[in-house]
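Features reported for this protein in TrEMBL:
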type	residues	note
REPEAT	227-268	repeat 'WD'
REPEAT	269-302	repeat 'WD'
REPEAT	316-357	repeat 'WD'
REPEAT	441-473	repeat 'WD'
Amino acid sequence: MFSGPSDSDTDEMGYAMSRLEIESDLCDAGKGYYGVGSSSSSSHRSSERLGDLDHEISQVTKLKSCPHERFSRQVPGRHQLPVSTVRMLAGRESNFSGRGGRFSSADRCHILSRYLPVKGPWLVDQMDSRAYVSQFSTDGSLFIAGFQGSHIRIYNVEKGWKVQKDILAKSLRWTVTDTSLSPDQRNLVYASMSPIVHIVDVGSGTAESHANVTEIHDGLDFSSEEDGGYSFGIFSVKFSTDGRELVAGSSDDSIYVYDLEANRVSLRTVAHTSDVNTVCFADESGHLILSGGDDNLCKVWDRRCFIGRDKPAGVLVGHLEGVTFIDSRGDGRYFISNGKDQTIKLWDIRKMSSTVPARNEVHRNYEWDYRWMDYPSEARDLKHPYDQSVSTYKGHSVLRTLIRCYFSPAHSTGQKYIYTGSNDSSVYIYDLESGDKAAVLKHHSSPVRDCNWHPHYPTLISSSWDGDLVKWEFPGSGEPPIMSKKRVRRRHFYY
């Protein structure tokens, strides 16, 4: 299900950024700007379509994934249909676009985005403990998977998914909550429910990395004397794009920035009124930090101009329950968040408010805990009266654990999809613009906490609490890839 933003009046503010200009004809009441979700639970399409997804992001997405207009002109009267791959290849040979027989990045995305990674799955690895983290490196050559049983494995994708390094974590509390690979792919940090984040040398020749036995795992201490001996946990940790800093979100309601060169915490701010489940940088500059917490809020922090201690640059409201994960589009404007209200929301930073609305809490007559209870049926149709999100995506399930969501890769799809794990053991892929379910991948027997799409190829890895790491692809020949170990026959649905 997919819906547009609420028409409630909100206090919009662009802090250190330009404010979004909205055309007057889109703002007039009764113009049909705001989308309405599907009324049929059995349908995978919205019954009423959104008139204009966000005037700007819709156009940007189209520009990134639409072919040159001369390719479209070859099919009179069918401009709205995808141009076939055969016609694109023939047009390239005839130099229709005038680019010397080459595809533009948008042409490439138009072709590759049609081939979703829905074939399979093939088994990559199987462990006897829950998988919590699964991530490709930036260039797609490595893949990292973290398990509750203290193991973190680094696979060499280009060498048949061989285990390049098997890390046995040190002083693990509960599970590996997050990992992050440095931009130069030399170091890996891993976190757990402890204020100590450990760092491992990925480039060393040691294949079996047992903490402080075969290799040193240096500890980065995020605690301070002000904590008074209180031990907190780290839910989320990310490298900055220059590899010099780490940003982390913790169970003590705070955001931390760790300076790796100085080997100390350079910034701590009490960011939320409950657990900070997720943090990330908004773009490559490293100035803007995004955070989401169990207080249902998404916040933006500008390190260049702090208004005051523990005061964000802006706040975005709309989720009815806690935020489990945030992924930035990388442009410093748009990001998505997964929420315990069973929704993904798309946000525009320029629509943020300077403060939280006085009546932010939505009245509810039910009590529930997402860790062991199903989401109440009476809560599924509730909407936040001050929802500032650009759009909302429904259909998946966010229960039991902090399930993650992402934009599809820019290189191969133009970021025209959003995908997420789900408590119902599936992976959901949504069309960013229409909100339709493009695919639902079914194989696992337990919640899929994390999944990741290869940055260049139509390959997606899903990891689950059942211990399986499986690979979904769209191989051109239809044959199982050489790198695969075994194909597992399970159902999947492709719309």
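A Cβ is built for glycine as well, from the same backbone N, Cα and C atoms used for every other residue.
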Chain residues in Cβ proximity to the repeat 'WD' (316-357) (below 8 Å; excluding those fewer than six residues from its ends, i.e. six or more beyond): 5-6, 10-15, 17-20, 54, 56-57, 274-275, 277-285, 288, 290-300, 364, 370, 375, 379-380, 382, 384, 386-394, 396-399, 402-407, 410, 415, 418, 420, 430, 432
Over the repeat 'WD' (227-268) the mean pLDDT stands at 92
Tally of residues which DSSP labels helix, strand or coil - the repeat 'WD' (441-473): 0 helix, 17 strand, 16 coil
Within the repeat 'WD' (316-357), how many residues are helix, strand or coil going by DSSP? 3 helix, 20 strand, 19 coil
Going by DSSP assignments with H, G and I as helix and E and B as strand, what are the residue counts for the repeat 'WD' (227-268)? 1 helix, 23 strand, 18 coil
